[in-house]
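This report concerns only the one structure given below.
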Amino acid sequence: MKISNTFNNSSTITGFILLGFPCPREGQILLFVLFSALYLLTLMGNGSIICAVRWDQRLHTPMYILLANFSFLEIWYVTSTVPNMLANFLSDNKLISFSGCFLQFYFFFSLGSTECFFLAIMAFDRYLAICWPLHYPTLMTGRLCTNLVISCWVLGFLWFPVPIIIISQMSFCGSRIIDHFLCDPGPLLALTCARTSVMEFFWAIISSLLLFIPFLCIMGSYALVLRAVLKVPSAAGQRKAFSTCGSHLAVVSLFYGSVMVMYLSPTSEHDAGIQKLVTLFYSVGTPLINPVIYSLRNKDIKYALQKFLEIQK
C-alpha cells in the first residue's frame, strides 16, 4: 500500500487512511468474512428482539419497549463502524474522506452517548417496577416511556457536536494515517499541527460527564433496588427480583467496563493495538452479545421468539 504524506493541513486534506488491522491480503479476506458473519449475527439477534416485542402483545410493556428500542439502537451503533471496516478490508488504499471520517466520528459517539442514556432509563424502569410495584403502571405510563426514549436520542445526538466541529476545524500536519479502524479522537488529535492538551482535557471532561452521570443514575437505581429486594421475606421472591435485573447489569458491566478503560484516561497512554481491541469489544462485541444475554435469561423473550418463528414457518 502506497501512502502519500503530501497533505499539510486540514484545508488540503481530502481524506485519511484507516490502517485497520494490517495483514497480508489473505488475512484481510479472512477478516472480511469473519466480521461480515458477526455483523449479520448482530443484525439478526437485535432484529429478532424487535420482532418479538412487535408481534407479542404480552411484551407491549415499558420494559420490553425500552429493550426493543435499545436493540434498534444497537443495530445502528454497529452499522456506524462495521460496513466501512468491511469495505476497508477489500480496499487497497484504505482511504476515508475527510467529511466521511468526521461523519463517522459524530454518529459513532452520538449513538454511544445514546446507549449510555438508554442504560440509565432501563435501570430507572427496573427501580420503579421493583420498588413501587403497585404504582408502577401509573408511574411508568406509555407517554413517560415515549418521552424518555425521545430524550435519550436527543441528548445523545446533542452531546458531542461542538467538540467534533472544533476538532474538524483544526490543522492537520504531515501524515494522514490513522492507526485505527475508525475515526477516533485519540489518533485524530495526534495528527494535528499544534499541541492539543487543552482539547484532550476538554474531551476527557465531557466524556467523563457523559459516562458518570448515567452510571451514577444506574448505580443509584440498583442500590435502591437492592435495599428493597433484601426486605423481601422469601428467597424465591428475591431470586425473581434479581433475575429481572441480571441481564441489564451484565450489559452495563460489559459496556461501561470497556468504555471507561478507553476514554477516562489520557488518549496518549493507550497503545494503538489496545485501542483497537477495546474499541472493537464495545462497538462490535457488545451489540452481538446483548441479544444473547437478554434472550437466554428471559423466558418471555424466548417464548415470543419461538412464537414468531412458528408464525414465519
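In case you wondered, yes, glycine gets a Cβ from its N, Cα and C as well.
Under the heading domain 'G-protein coupled receptors family 1 profile', TrEMBL lists 45-294.
Annotation source TrEMBL lists transmembrane segment at 29-52 (among others).
Annotation comment: TrEMBL describes 64-83 (among others) as transmembrane segment.
The feature transmembrane segment is assigned by TrEMBL to 103-124 (among others).
Outside the transmembrane segment (144-166) by six or more residues, the chain places 62, 65-66, 69, 102, 105-106, 109-118, 121, 124-125, 199, 202-203, 206, 210 with a CB less than 8 A from a CB of the stretch. For 144-166 (among others), the entry in TrEMBL reads transmembrane segment.
Look at TrEMBL and you will find 201-225 (among others) tagged as transmembrane segment. Remote same-chain residues near the transmembrane segment (201-225) are listed as 113, 116-117, 119-120, 123-124, 126-127, 130-131, 159-160, 163, 185, 189, 241, 245, 249, 252, 256, 259-260, 263-264, 266-267 (criterion: CB distance under 8 Å, separation of at least six residues from the stretch ends).
The feature transmembrane segment is assigned by TrEMBL to 246-265 (among others).
The list of residues near the transmembrane segment (277-296) in space but at least 6 beyond its ends in sequence, with Cβ under 8 angstroms from a Cβ of it, reads 35, 38-39, 41-42, 45-46, 48-49, 67, 70-71, 74-75, 77-78, 81-82, 108, 112, 180-182, 184, 247, 250-251, 254-255, 258-259, 261-262, 270, 302, 305. Look at TrEMBL and you will find 277-296 (among others) tagged as transmembrane segment.
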